[in-house]
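First, the structure itself, so that you have it in front of you.
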């Protein structure tokens with residue numbers, strides 16, 4: 001090692017640093033986190049596959065003319081094994097394909113909600129930390145009041161204002177999730193501000209929010225990632241819940257929440273379990289994946305926490 | 001030679017908090033109402049601005065009483081969220097006092113400005 | 001231990017809470033798109049009618065006049081009339097009908113969560129890193145990941161549709177008639193509206209009457225017949241309560257575990273152990289009380305999540321409580337009903353937090369001023 005020149009060290013810089021990072025090694029040694037990560041990657045692959053190769057029209061519109069409705073999974077009945085792997089729903093649509101496409105929708109809208117609330121949260125957190133005093137007080141305490149509301153009820157209240165529909169649900173949930181990120185960022189920003197480093201920069205005449213952004217962002221990247229991962233699962237559940245209650249996806253859309261709604265109204269009494277089982281299974285597994293990874297990341301980030309909060 | 005009265009001092013501090021926020025609210029509310037009235041129509045301007053004022057006012061009151069009522073629960077929640085928590089009931093109540101003062105100011109601003117709208 | 005003044009002070013705070021909620025709801029009503037008169041009359045109503053109704057409802061008055069009127073009405077518990085869902089009937093009546101249903105579900109759900117979650121959390125902490133601990137923790141994580149609108153349909157399919165052990169929906173069997181009062185010594189007394197309690201009272205009444213004036217002690221032989229309606233009510237409640245309870249349990253057990261671990265690590269427990277007391281007694285005596293304190297504070301906040309869960313549970317199991325009402329009201333833009341429901345939710349949430357506060361000061365008397 002000692003003989004290595006500085007250029008090779010530079011070239012290897014990122015890999016070396018990643019390997020040396022206690023965060024990553026801690027994370028990679030956590031079996032549950034690895035399972036979570038694999039689940040998420042699997043869902044991403046399925047979702048992308050569905051988006052690229054499945055015909056949205058064929059899985060959204062009624063197929064009553066072509067297929068039997070509420071047909072059980074092929075491997076249960078006399079039909080061929082690969083015919084309707086997960087059965088068909090009340091409008092004779094192939095549930096397997098719909099569930100796969102649902103993965104794409106869940107991840108897409110999850111990214112929208114979590115991404116937008118991360119950006120908003122970063123802005124609010126940095127503004128609060130930077131201006132301090134009255135601004136900090138009012139902004140953060142308002143966030144706290146928001147946090148005290150249960151997310152689903154708050155989202156419902158916002159839907160009452162904005163109206164129903166997937167795009168409006170995304171806006172509502174973005175507002176619901178923003179405070180969580182604002183808190184994390186503000187905490188990290190305050191820590192950076194306390195550093196003499198920033199003091200020096202500011203003293204040199206660089207009292208500019210841009211300076212703060214440049215110094216704060218790298219420092220709160222890890223907590224933000226943990227927060228995003230943990231909240232991703234919650235956001236997916238809330239998105240599905242709002243569709244389930246009839247405020248999100250439009251009829252026909254292959255979203256997991258809407259499929260579960262259809263399952264409850266069409267399959268419960270007649271025992272057509274596959275209408276509810278498969279969409280819910282995919283939803284739960286995806287959320288579990290994010291929870292496992294998020295938990296593992298939190299532990300890796302702060303080994304002290306692991307002893308008590310696991 | 002007024003004797004120092006702690007109750008009066010307490011009241012005065014609150015009053016200053018509300019008054020400052022309220023003054024800001026009146027000005028901003030008035031301006032917003034006029035701007036919307038020019039862009040849209042006076043009724044919408046009056047209704048929407050006032051509604052936003054009530055939103056801030058109501059939210060502030062809710063937050064104020066909520067922090068007083070559930071202060072400890074919230075502190076527990078903050079700990080559970082495991083970010084470095086500097087939440088205090090007093091702080092929260094001050095912030096909410098400001099917010100409701102601001103909201104009330106906006107409402108007052110709209111009431112003052114509306115008769116002057118075209 | 002808990003002073004009356006302390007409780008009175010907290011109760012007084014209910015006034016600003018409800019005032020705040022009412023004001024926020026008023027703001028929401030006026031920021032939301034759509035004309036209430038249009039909503040009431042429907043899209044195809046002639047404009048002239050809409051204009052007239054707007055005048056009657058006072059929607060043409062300056063907004064602060066409307067705000068003042070709204071506050072005055074709300075203070076008298078007059079939430080107006082439902083636009084759509086229960087067209088024309090006062091919101092207050094609709095709420096009074098539905099509220100006990102949700103309270104019943106929420107209370108049993110919360111009790112289930114506490115009874116399951118706290119022992120599991122303690123067990124997991126005491127046996128840290130054992131198989132029990134791992135199973136409990138992964139179970140809790142899975143419990144958090146499984147949404148109610150999946151677990152609900154699944155238990156329904158298994159226990160109601162396929163096994164036929166329990167009913168699929170509703171609150172009581174269709175052969176039973178739900179009374180709204182009961183008679184004791186010739187006087188009519190009101191009932192709670194909570195079906196499990198009401199049927200218990202009525203069935204017990206009939207049973208006791210039979211012992212005293214009818215079959216005598218022989219009535220015990222047909223106990224299940226006398227309590228048939230109560231049993232039916234419990235059967236209907238079982239699945240929704242378990243679904244809701246297990247969902248909240250997962251969160252509680254996680255928190256209980258971490259809180260207990262924190263306490264176990266603290267010095268005085270070690271000291272107590274050094275003194276030679278049995279480990280089990282040490283943990284229960286010193287640890288539990290201290291570990292419970294932070295968990296109890298969070299039960300108050302978590303009750304909100306439970307109410308959100310109740311909305312979903314009611315939808316899955318076809319239970320007509322205020323959760324289902326809220327969803328229907330938002331869907332139909334029935335704003336007076338939305339407003340009433342939100343206020344009731346806020347009231348419930350606040351009252352539970354008040355209860356939590358009192359319990360808390362009982363456990364930790366230093367807190368009381």
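Using N, Cα and C of the backbone, Cβ positions are placed for all residues, glycine too.
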Look up transmembrane segment in TrEMBL and report which of C:226-252, C:253-279 it refers to.
C:226-252
Per TrEMBL, which of C:291-310, C:311-330 is transmembrane segment?
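From TrEMBL, the annotated transmembrane segment range turns out to be C:291-310.
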In the same chain, who gets a Cβ under 8 Å from the transmembrane segment (C:12-32) while lying at least 6 residues past its ends?
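Cβ under 8 Å, 6 or more out: 63, 66-67, 70-71, 74, 333, 335, 338-339, 342-343, 346-347, 350-351, 354.
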Other than its close neighbours in sequence, what residues sit by the transmembrane segment (C:138-166), given a CB gap under 8 Å and a spacing of at least six beyond its ends?
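Contacts of the transmembrane segment (C:138-166) (Cβ under 8 Å, skipping residues fewer than 6 from its ends): 120, 235-236, 238-240, 242-244, 246-247, 249-251, 253-254, 309, 312-313, 315-317.
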